[in-house]
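Below: one structure, written as structure tokens.
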Amino acid sequence: MEPPDARAGLLWLTLLLSGYSGAQAELHVSVPPRVEVMRGEQIALDCTPREHPENYVLEWLLVDASGARHRLASVEPQGSEFLGTIHNSRGRRPPYKIDSLGRLVIAEAQVGDERDYVCVVKAGAAGTSEATSSVRVFATPEATEVAPNKGTLSVMEQFAQEIATCSSNNGNPVPRITWYQNGQRLDVPMELNSKGYMTSRTVREASGLYSLTSTLYLRLHKEDRDASFHCAAHYDLPSGQHGRLDSHTFRLTLHYPTEHVEFWVGSPSTTEGWVREGDAVQLLCQGDGSPSPEYSFFREQGNQEEQLNVNLKGNLTLEGVHRSQSGIYGCRVEDYDADEEVQLVKKLKLHVAYLDPLELSVPEEFSVFLNSSGTVVNCSARGLPAPIVRWTKDSVTVADGPILSLDSVTFDSAGTYTCEASTPTVPLLSRTQSFQLVVQGAPELKPNEIKPKSGTSWTEGDEVMLTCSARGFPEPKLTWSQRGDTTPAEPPFEGRGWMSSSLTLKVTSALSREGVSCEASNIHGKNGHVFHFGSVAPQTAQAGVAVMAVAVSVGLLLLVVAAFYCMRRKGRPGCCQRAEKGAPPAREPELSHSGSERPEHTGLLMGGPSGGGRGGNGGFGDEC
């Protein structure tokens with residue numbers, strides 16, 4: 001078997017000899033002019049003669065950076081198949097290969113495969129032709145990284161300062177970097193100038209990939225203190241596509257002088273600057289410079305300044321502020337970079353509101369007499385600002401001002417009186433003080449009038465409940481003129497201090513004449529009331545019923561006695577019958593059961609113990 005190179009040589013010789021056998025024809029070769037793939041993908045380069053000659057040989061040549069050509073492989077058609085030969089892979093891993101369709105296969109494309117590949121077709125008499133296919137390998141860069149300047153940048157600098165450096169690594173082709181401020185693209189040139197510019201540097205890595213770094217320089221202003229910055233890397237993809245990778249956003253630390261100072265009371269206060277005595281009061285001072293300067297707090301004492309505190313936070317707390325701490329306070333911003341025209345000292349006047357405990361001109365329990373007048377109670381309220389005073393009783397205002405006048409005092413006047421003092425300009429600053437008014441006097445009595453059940457008059461035996469209510473001080477005692485079922489009762493009247501007693505009894509004729517009285521008494525006197533019942537009707541209907549009941553009872557008793565007698569006289573027939581008839585028959589001899597003329601118990605029905613009952617007046621007129 002001949003080696004491949006020998007066979008190829010014979011084929012070339014055959015094609016060369018056949019080229020002289022006839023006229024040379026024109027030959028055309030078809031290859032993809034540009035092949036674009038992502039790094040790591042496979043490339044298959046196809047080369048086809050358009051005229052389809054019967055015998056031909058094609059070769060793949062690699063054009064290096066200097067333009068020199070290097071033979072990589074050759075392909076011979078054998079019927080419907082192709083015989084490929086790799087002549088030189090030039091150290092590539094994995095090496096080139098020819099597939100079953102006669103294509104040059106470049107596996108796992110790398111950036112180094114970006115070359116021109118020339119396909120040369122030799123077809124003997126048909127001629128020789130070639131075509132070039134350019135391979136482009138794209139690689140997406142790594143995530144975009146930004147390194148901001150972590151120092152403090154001064155807005156007073158007259159030149160652009162370094163803002164940040166942005167990096168986009170290992171991409172192909174070389175990516176492009178743009179800068180953004182607050183989401184808007186910055187149009188900065190590459191040339192050095194005082195307002196802003198950027199520089200860039202490209203590095204080709206050992207892998208053949210490219211890394212790009214860009215540094216941004218800007219002249220900063222105070223308005224940039226809250227600005228956000230970021231960068232973005234733009235890269236190309238196959239088929240004219242593009243990609244973008246944004247970095248994270250960042251902010252800068254700027255140094256700028258103070259232009260304005262504010263000083264105010266931070267804790268709850270009124271618009272007039274009042275604060276409550278005893279509260280923790282915060283004084284806040286704020287300058288708009290950066291970084292935060294020192295704040296010096298002081299209090300004016302005549303023509304002198306009393307130094308209170310120096311800090312970087314800009315706040316001063318007065319714990320449990322006292323009325324003596326009212327006065328003028330100041331804050332000084334220690335910023336030596338500030339313009340001379342800037343007012344770095346601010347002052348305010350602190351007003352400490354207070355309200356002393358209220359003082360009443362009467363003790364906590366105060367007594368007056370019923371119907372008295374001219375009593376005055378004074379409520380003394382001292383505070384700043386001047387408090388407003390009013391008197392209330394049962395949450396109802398009874399007097400405006402510190403003076404409470406008690407005139408025409410009644411028992412309803414008794415109760416709890418409260419003096420309320422408040423300062424409308426200072427919320428929650430208020431005080432109260434109360435006293436108990438006691439009204440002394442003879443009892444006041446109120447009866448609960450009653451009406452007959454029938455509506456017009458009382459009937460003897462009706463049950464009635466009488467109620468008397470009284471009030472006074474000391475508490476009165478309620479007594480009744482009649483005995484009965486006495487119980488405490490709920491007062492039926494509205495008002496303060498009432499007490500009640502109820503008496504339950506039956507109506508009689510005697511009550512109608514005398515009446516029933518209740519009396520309330522205490523050390524100051526007594527008061528009474530008599531309940532009258534008017535005429536009391538007798539129980540007529542009930543008397544008739546009683547008489548009838550007695551008559552029926554007597555009749556029943558007589559019948560029982562008669563029945564008993566008849567039972568005793570069963571031995572004498574006709575006796576009871578004669579007794580039932582009106583006239584006695586002619587007398588006949590009487591025989592007892594024992595045969596004697598006189599029965600043993602005859603005396604039971606006779607008028608006397610002698611038994612002489614015949615025609616006598618002491619019995620029922622007959623033995624029967």
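Cβ atoms here come from the backbone N, Cα and C positions, even for glycine.
The disulfide partner of CYS518, as annotated in Swiss-Prot and taken from the candidates CYS468, CYS566, is CYS468. Within the set CYS166, CYS285, Swiss-Prot assigns CYS166 as the partner of CYS231, by disulphide bond. Of the listed segments 78-98, 477-497, Swiss-Prot assigns region 'Disordered' to 477-497. Mapped onto DSSP classes, the domain 'Ig-like C2-type 1' (268-343) shows 3 helix, 39 strand, 34 coil.
In sequence order, THR144, GLU145, VAL146, ALA147, ILE177, TRP179, THR213, SER214, THR215, LEU216, CYS231, ALA233, SER247 are the residues of the chain that are 6 or more apart from CYS166 (disulfide bond) and have a CB within less than 8 Å of its CB. In the three-state DSSP classification, CYS47 (disulfide bond) falls within coil. Non-local neighbours of the transmembrane segment (544-564) in the same chain are absent; no residue 6+ outside the stretch has a CB under 8 Å from one of its CB atoms. Around ASN378 (N-linked glycosylation site), the same-chain residues six or more apart in sequence whose CB sits under 8 Å from its CB are LEU360, SER361, PRO402, ILE403, LEU404, listed in sequence order. Mapped onto DSSP classes, the domain 'Ig-like C2-type 2' (357-436) shows 3 helix, 45 strand, 32 coil.
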